[in-house]
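Record features (TrEMBL):
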type: ACT_SITE; residues: His555; note: active site, proton donor
type: BINDING; residues: Thr50, Ser51, Val268; note: FAD binding site
type: DOMAIN; residues: 118-141; note: domain 'Glucose-methanol-choline oxidoreductase N-terminal'
type: DOMAIN; residues: 309-323; note: domain 'Glucose-methanol-choline oxidoreductase N-terminal'
type: SIGNAL; residues: 1-23; note: signal peptide
Amino acid sequence: MSQIAKLSALSLAIALSIPEVSAHPLFSGKVVSRADLLPEYDYVVVGAGTSGLTVANRLTEQKNVNVLVIEAGDLDKNEDFVTIPGLAGGAAGTKYDWNVTYTANEGLGGRKVPIPQGKIVGGSSKLNRLIFDRGSKSDYDGWESLGNKGWNFAGLLPYFKKNEKFTPPTKEIAAQYDIKNDLKNHGDKGYMQTTFSPFFWPTTKNIVKATKALGIPINDQATGNAIGGFFCPHNQDPVTVTRSSADEAYYDTAVKRQNFHVITGQQVSRIVTKKSNGAVKVTGIEFASSASAKRQSVKVKQEAIIAAGALFTPQLLQVSGIGDPALLKTINVTTVVELPAVGHNLHDHVLLAVANTLNTTLITSGSLRSNATFAAEARKQYDTEKKGPLTSPTGDFLLFLPLQTYSNATSAIASQAKAGKASASLPSDTPPEVAKGYQAQYASLNEKLVAKDSAILEIIWGDGTVILGLQHPYSRGSVKAASSSVFDAPLADVGFLRNPIDVALLREGIHFARRLVKTEGITELKPVEVAPGANVTSDADLDAFIRRSSSTLFHPAGSCKMGPKDQGGVVDSELKVYGVEGLRIVDASVMPILPAAHTMTTVYAVAEKAADIIRGSAAYKAACLE
Ligand SMILES: Cc1cc2nc3c(=O)[nH]c(=O)nc-3n(C[C@H](O)[C@H](O)[C@H](O)COP(=O)(O)OP(=O)(O)OC[C@H]3O[C@@H](n4cnc5c(N)ncnc54)[C@H](O)[C@@H]3O)c2cc1C
């Protein structure tokens, strides 16, 4: 959102001193307060995040269709840590973060891992590190194989393109790194600004050199062949050199529409349903500004669209009576629709860092923290020229590797997986239909282990630190509402490393990280390993390090998965919740299985496709005519 619009929103809200509802500017300067809200909306979207704003924007392209978006967080104030690419991620841990933590993780020796999630207009697209990549064709084709017709790479490609307005790299960067992009794979009319950083940290050249020395190909991730190395675009504006989030992309371009309403600082507390003639239908949405505040509500004419993210969407369904009756009983919620799969299949990419110190005269990204003079110069350069270190969120070159590219143990691990039981990945209270659906995932994961077109490990080079990202974890967990109140944080057990195959895959990753730093290109930086440390070599010691140090890559997904109901699906392939009329989910929770990619780009594509599905429905067409 532009600075001027934000300031006018704030001053208007203060001037009108609205008592209960922190309002948002609408209708060219008019503020929506409780009194201004319509009693009924065609569509009510829960969550003004990455997916929610995308869908709300597209649905309001038809002026007769009115949409209300309800967001728990507030607007940002264009703080540096939100807008400047080089400071990306800085909003994690602030008031723009829900500040929740995964539950104590058995596979991590009982550690609790914090999991940042955006609580802000723009959602997690305001907190993230701006890495804007697609997964491979095999990742999305796998969604279709799991029973989701039309959900494959070819079916998603138009939506990856619809989302983006791609700008090729600057001439200097393109020439220095020989970056070539086939524009036919990119969008040029979307709202999301994507481009490459105009500055790469100097040791990027070293990691590219080492990649080539290892015989790993360098491809273009946009083609569906996100395998090997690739130069990674970021969601940043090439002119202002600032973050392009769902706020700038999908809010700013819809805000003047009379039919697009957003209300902030309000947490949706319940999806209101009515049972008649055996069918359950959504009739309204209840919300409040705090646990103790009076509940308010709006009526839903066509549909409620849930876009609260992978941790909060299942919780909202559960507190509304949609879920596993056994769980709902423990939190004193009456079951409205029996759907035990809600909250299950939660998974996330595992992060593990192998750290080396470097002995080089090249400038490294740590200088921004350790060298005040350098940091001040970088800031001046950014402010005056929009150039230099602060224009890069880092991660300008990434590796996505099949198991056989990074390890010699492919057949041993594949045999271990084949001999193992799928149930080793699942919590003990997994409902039978979820276990059945996971059996199919397990078979697909086993195929990925031996495939050449499926990446198992990501490598992010951070000036000596080799970050490993486990892309197709076997382990699964679940999200459970902690009480009947949405204001109590959900219990999210991500189940990291529940299945020992995940440990074996990371162990091979550590061996590869060591091989990588001993390769021409990196050796000239004189790396010395400090974590886990060169003396940590036995499987037992490496495994202990993995369990002690693994964390999250911030990609929770899958907790209301799309799939057949008898295989643990919560939504069908039109993203409609089973057993409830007028209810869809459009966020990261519907992914049946994570792609080998950072998740934002896929969330946008899913949301763009969801909007098209909704626009094709009879209810939407009827609303257009009213
Ligand atoms: C720190 C961090 C770094 C990341 N880095 C990257 C990266 O570099 N590249 C990448 O591709 N991905 C990255 N991701 C992941 C990516 O940003 C997310 O997968 C994606 O944004 C999720 O979109 P979503 O729509 O599912 O949820 P969100 O964008 O999180 O939106 C959910 C919205 O719903 C709101 N909400 C929740 N509950 C309620 C309620 N009850 N009532 C009202 N509102 C509610 C939330 O406040 C939020 O605004 C990162 C994420 C984080 C947190």
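Including glycine, each Cβ sits where the backbone N, Cα and C put it.
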Which listed residue (Thr50, Ser51) has most other Cβ within 10 Å, given these are binding-site residues:
Ser51
How far apart, in Å, are the two Cα atoms that lie farthest from each other among Thr50, Ser51, Val268, the residues recorded as binding FAD?
17
Close in space, distant in sequence - Val268 (FAD binding site), Cβ under 8 Å, 6 or more apart:
Val46, Gly47, Ile70, Ala72, Ile285, Glu286, Phe287, Ala308, Leu316, Val486
Separation of alpha carbons, His555 (active site, proton donor) and Ser51 (FAD binding site) (Å):
14
Taking DSSP states H, G and I as helix and E and B as strand, how many residues of the domain 'Glucose-methanol-choline oxidoreductase N-terminal' (118-141) are helix, strand and coil?
9 helix, 3 strand, 12 coil
Enter the number of other CB atoms within 10 angstroms of the CB of the residue listed as 'active site, proton donor'.
27
Given the model, what does the mean pLDDT over the domain 'Glucose-methanol-choline oxidoreductase N-terminal' (118-141) come out as?
98
Using DSSP, how many residues of the domain 'Glucose-methanol-choline oxidoreductase N-terminal' (309-323) fall into helix, strand and coil, respectively?
8 helix, 2 strand, 5 coil
Between the Cα atoms of His555 (active site, proton donor) and Thr50 (FAD binding site), find the distance and write it as a whole number of Å.
13
Could you check what DSSP calls His555 (active site, proton donor) once collapsed to helix, strand or coil?
coil
